[in-house]
Amino acid sequence: MLLISNPRHLGHPMSPGNWKRLIILLSCVFGGAEMNQQHNNPHQPMTLTWQVLSQTGSVVWEKKAVEPPWTWWPSLEPDVCALVAGLESWDIPELTASASQQARPPDSNYEHAYNQITWGTLGCSYPRARTRIARSQFYVCPRDGRSLSEARRCGGLESLYCKEWGCETAGTAYWQPRSSWDLITVGQGHPTGTCERTGWCNPLKIEFTEPGKRFRNWLQGRTWGLRFYVTGHPGVQLTIRLVITSPPPVVVGPDPVLAEQGPPRKIPFLPRVPVPTLSPPASPIPTVQASPPAPSTPSPTTGDRLFGLVQGAFLALNATNPEATESCWLCLALGPPYYEGIATPGQVTYASTDSQCRWGGKGKLTLTEVSGLGLCIGKVPPTHQHLCNLTIPLNASHTHKYLLPSNRSWWACNSGLTPCLSTSVFNQSNDFCIQIQLVPRIYYHPDGTLLQAYESPHSRNKREPVSLTLAVLLGLGVAAGIGTGSTALIKGPIDLQQGLTSLQIAMDTDLRALQDSISKLEDSLTSLSEVVLQNRRGLDLLFLKEGGLCAALKEECCFYVDHSGAVRDSMRRLKERLDKRQLEHQKNLSWYEGWFNRSPWLTTLLSALAGPLLLLLLLLTLGPCVINKLVQFINDRVSAVRILVLRHKYQTLDNEDNL
């Protein structure tokens, strides 16, 4: 709806900028429903429902299956009488599609039935009329996909898009109408019963062509008109569409996007139950107290997920290099990338079902930083071939429907991040995937880096602090001979694999939350999706920084880590370490260097008296010289004036006159 505040604005043409805004708004409104489906993980099985709608908009036929999107193209078999039910132009205007399945509908119009028997018209109310439908030829004309001139020539709904000959693209007519660009072919199906026993004895058989299988706009639907090649050319309109659904997430709260945001919950302090002293039993049967039921665990907030990443990184790092975790800071970056992939080798396995796949994400995350050397599948472009140590072909069969990566690895594909590959979706001539180990983008800083930054926040450092990522540290922490980088992550010792387990669990939780947030933002057309998608992690870290749970170092949110693990109140720990370091620094100062620290009022007093004292000293030093020069200058000027006055009163005589 467009609201106009002033009637005079009707005469003004809309500017090009306003037209662009209107087009963008309309594209968001009409494309919002499709956007959520187009960006799903193409390898994840979804519930696919092919539907056939009648001219009244009712769903008269549908077929469901759980398959990856755009891989299942069944034959559609709606019945003609189900399509014409409820139309005034046919003999069953009062029936629904389900009621038209009866052999003899109730409340029959015998006068109309007599005309059908006498004149041989088509209909669905009686067996003889339905038999004539089975014996009649038909042709089909599309509504969509035509040029503007073809649309004018073929007409609209009043002619069922078959206004002139040559508009038909499919059917069973004797001239066999065909088309190289249409999305479907329509023929006669095989009835399940005779027209005397059922009202549905005229099924159609709709099959998808190769252009139809490549078409990706089935979510909005496509419409055709079907007409019978008999007197009057009666017909009906039908629409085909695809519905892709998945189990909806459960959301509690007024805002589905930000309901789960917040800092990590405080761990409640559980008081220890005092152990009673042992005494001689008064009775042979001791009294057993039932333990209270464990409280239900709430879903993790954003703070819990981020802190879980840091804690998992500490466990993995402590397993490989314990000395590095004695006293350090692990920092999360405010800006992307939040994850990095390391290409890895390893054995892959085939599976006939997706039960072993970790379907948590929807393929919306793209890795911007992938390094290493690992296993590749498909046609890898030249820009990514340096990541491939070995490229293998994909074996697709009934027993090889899904390809699983090695232990807790992922597939980084051109279509997105996925835990499994569907062999029916993967196109070896166009698609490619790289087996990677996923590692969060966490920076490592020694303990002194943040202390120096907070002790002198305004001073300009001569050298930037050195940042090491978690992937580099894990590679460097493995013994020599095993390798670094991706090889360390795959072939590392047992303690590294144990340390990576908790990190992988934390990453799976965080990735699932990030992908769900993106899906919710796409569903909400009123939110600033692009801005929030870029700053969502930054907002989460801002919650932690403002709550004192982490310390800020430029664009990073840092957690203090020692051998006991990551500290939740890192800002308080930083202040304690700064105070301790300041006290140690004051103890090492000499007696004259600590004056200002011992007497705070001395700084104010000296700064107030220093200015006047320096000015007075300057006057006493330079004042006599300035005064002497000034007096000498005045005397010279006065003498010059006197000489001029004397010359003006007296005249000089020549020597001859004097003689």
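Glycine residues also receive a Cβ, built from the backbone N, Cα and C atoms like all the rest.
Summarising the annotation, Swiss-Prot assigns coiled coil to 506-532 (among others) and lists sequence analysis as the type of evidence.
Look at Swiss-Prot and you will find 567-587 (among others) tagged as coiled coil, backed by sequence analysis.
The Cβ neighbour count for Cys141 (disulfide bond), using a 10 Å radius and every protein chain shown, is 26. As annotated by Swiss-Prot, disulfide bond applies to Cys141-Cys162 (among others).
Non-local neighbourhood of Cys154 (disulfide bond): Cys141, Arg146, Tyr161, Cys162, Lys163, Glu164, Cys167, each in the same chain, at least six residues away, with C-beta under 8 Å from its C-beta. According to Swiss-Prot, the feature disulfide bond maps to Cys154-Cys167 (among others).
Sequence annotations record features per position, and here Swiss-Prot assigns disulfide bond to Cys328-Cys331 (among others) based on similarity to another entry. Here the Cβ of Cys328 (disulfide bond) has 23 other Cβ atoms within 10 Å, regardless of which shown protein chain they belong to. A strand conformation is recorded for Cys328 (disulfide bond) in the three-state DSSP classification.
Under the heading disulfide bond, Swiss-Prot lists Cys550-Cys557 (among others). A 10 Å cutoff on Cβ-Cβ distances gives Cys557 (disulfide bond) a total of 25 other Cβ atoms nearby, all chains included.
The feature N-linked glycosylation site is assigned by Swiss-Prot to Asn318 (among others). All chains included, 19 other C-beta atoms sit within 10 angstroms of the C-beta of Asn318 (N-linked glycosylation site).
For Asn389 (N-linked glycosylation site), the number of other Cβ atoms no farther than 10 Å from its own Cβ, over all displayed protein chains, is 15. As annotated by Swiss-Prot, N-linked glycosylation site applies to Asn389 (among others), with the evidence given as sequence analysis.
Annotated N-linked glycosylation site per Swiss-Prot: Asn395 (among others), in sequence order, evidence recorded as sequence analysis. The DSSP secondary structure for Asn395 (N-linked glycosylation site) is coil. Other Cβ atoms within 10 Å of the Cβ of Asn395 (N-linked glycosylation site) number 10 in total over all chains.
All protein chains considered, the CB of Asn407 (N-linked glycosylation site) has 14 other CB atoms within 10 Å. A coil conformation is recorded for Asn407 (N-linked glycosylation site) in the three-state DSSP classification, outside any helix or strand. Annotation comment: Swiss-Prot describes Asn407 (among others) as N-linked glycosylation site, evidence class sequence analysis.
Around the Cβ of Asn427 (N-linked glycosylation site), 11 further Cβ atoms fall within 10 Å across all displayed protein chains. Per Swiss-Prot, N-linked glycosylation site is recorded for Asn427 (among others), and the stated evidence type is sequence analysis.
Under the heading region 'Fusion peptide', Swiss-Prot lists 466-486.
What Swiss-Prot lists as motif 'CXXC' is 328-331. On the 0 to 100 pLDDT scale, the model's mean across the motif 'CXXC' (328-331) is 82.
Swiss-Prot lists 650-653 with the feature motif 'YXXL motif'.
The signal peptide feature in Swiss-Prot is assigned to 1-35.
The topological domain 'Extracellular' feature in Swiss-Prot is assigned to 36-606.
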Sorry to bug you, but what's the C-alpha spacing from Asn395 (N-linked glycosylation site) to Asn318 (N-linked glycosylation site), rounded to the closest Å?
-> 40
Candidate with the highest Cβ count within 10 Å, taken from the disulfide-bonded residues Cys162, Cys167, Cys331 | Cys331
Given the recorded positions Asn395, Asn407, Asn427, Cys557, which one's Cα is the least distant from that of Cys331 (disulfide bond)?
-> Cys557
Integer Å distance between the CA atoms belonging to Asn427 (N-linked glycosylation site) and Cys557 (disulfide bond) = 41
Shortest C-alpha distance to Asn427 (N-linked glycosylation site) - which of the recorded positions Cys328, Asn389, Asn395, Asn407 = Asn395
Work through the recorded positions one by one (Cys328, Asn389, Asn395) and name whichever has its CA nearest to the CA of Asn407 (N-linked glycosylation site).
-> Asn389
